[in-house]
Amino acid sequence: MKQNTHPQYEPMTVTCACGNSFVVGGSKKTMHVDVCDKCHPFFTGTQKFVDAMGRVDKFMAKRAAAAGYVKKAKNKTESDKTPVSLKEMLETQKKNLKAEAATESVAVTE
């Protein structure tokens, strides 16, 4: 077996929001939880709202964080634009041929 692949386990203190704390084995020193067996409605038999943050709240937080992020637009040059239709392709071909013919005629006359 490979050496040093698993973390070292040591006593970890788990602290609940209600103030209860207990020791279990883990790879960290401490851990904080919202609900434990001393305050969970299933174990205590009392009715209590446990959900700290619902799905809608999580979504709204993500949406607010994404509002500040702006995607950078790439600057397209004239050569990057591709023709959309066959007509545009033919027009660009004609322009290129005329430009080549003009440069050849200038080169021949010199």
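Residue numbers in this text run from 1 along the chain shown.
Glycine too: its Cβ is placed from the backbone N, Cα and C atoms.
According to TrEMBL, the feature Zn(2+) binding site maps to C16, C18, C36, C39.
Structural mapping of features recorded in TrEMBL.
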residue: C16; record: Zn(2+) binding site; Cβ within 10 Å: 18
residue: C18; record: Zn(2+) binding site; Cβ within 10 Å: 13
residue: C36; record: Zn(2+) binding site; Cβ within 10 Å: 17
residue: C39; record: Zn(2+) binding site; Cβ within 10 Å: 18
